[in-house]
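Q: Quick paste from Swiss-Prot:
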- 1-29: signal peptide (SIGNAL)
- Cys33-Cys38: disulfide bond (DISULFID)
- Ser53: phosphoserine (MOD_RES)
- Cys85-Cys201: disulfide bond (DISULFID)
- Ser117: phosphoserine (MOD_RES)
- Cys218-Cys226: disulfide bond (DISULFID)
Amino acid sequence: MNSQGSAQKAGTLLLLLISNLLFCQNVQPLPICSAGDCQTSLRELFDRVVILSHYIHTLYTDMFIEFDKQYVQDREFMVKVINDCPTSSLATPEDKEQALKVPPEVLLNLILSLVQSSSDPLFQLITGVGGIQEAPEYILSRAKEIEEQNKQLLEGVEKIISQAYPEAKGNGIYFVWSQLPSLQGVDEESKILSLRNTIRCLRRDSHKVDNFLKVLRCQIAHQNNC
């Protein structure tokens, strides 16, 4: 493995270690608004949602790795689960350069759509993981934590839109995950395949949200001075 690959792996392991430490000690990102009073500056709002989105993505990564360790033992099984994600039909920037070309208010509403669209599959993930044999509390607890933190993230993105681009409020794309398979009455392997794909796609979307918010924080809150 080259030095760059080693550094990336070390960085991922460090993030997972921090995530586990924070989770076990019940240390969470600051709330977006305290006691319903939101006088937070735009810059601070961006700082908080970026920390929160990164925390959520780290929890997804942690859960995905743990799910594979628990249930996926061979590569043939993993190949079966590589399907398109439900949000693949949403036109999203592929990298930072493309993201910078998208009007900020459009990108914010796209982020909002991705965060909103995760609610139903997250709920199904929680009920689905609880229904498989020997379901580890470790995975279930992280799914529930993500569900709660997602509500905070949604609130934060909505506050940013209201402050920075009030005219764009309500212009988001209402996107629903279609073809969410029923997990009732299916065999154990099919259930695991479905749940793994759900986690993979949610993790993919959370990575997009995290990256887009970092681009927007630099662009809006720091006037591209970062």
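Glycine is treated like the rest: Cβ placed from N, Cα and C.
Please go over these features one by one and say how buried each is and what sits next to it.
A: For Ser53 (phosphoserine), applying a Cβ distance below 8 Å and a minimum sequence separation of six or more within one chain yields Leu153, Ser206, Val209, Asp210, Leu213.
All protein chains considered, the CB of Cys85 (disulfide bond) has 17 other CB atoms within 10 Å.
Around Ser117 (phosphoserine), the C-beta neighbours below 8 angstroms that are at least 6 residues distant in the chain are Pro86, Thr87, Phe175, Val176, Trp177, Asp205.
DSSP gives Cys226 (disulfide bond) a coil state; it is part of no helix or strand.
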Q: Under 8 Å Cβ to Cβ from Cys218 (disulfide bond), same chain, six or more residues apart: give me those in sequence order, or none if nothing qualifies.
A: Asn224, Asn225, Cys226
Q: Quiz question: given the disulfide-bonded residues Cys201, Cys226, which has the greatest number of C-beta atoms lying within 10 angstroms of its own C-beta?
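A: Highest number of other Cβ atoms within 10 Å: Cys201.
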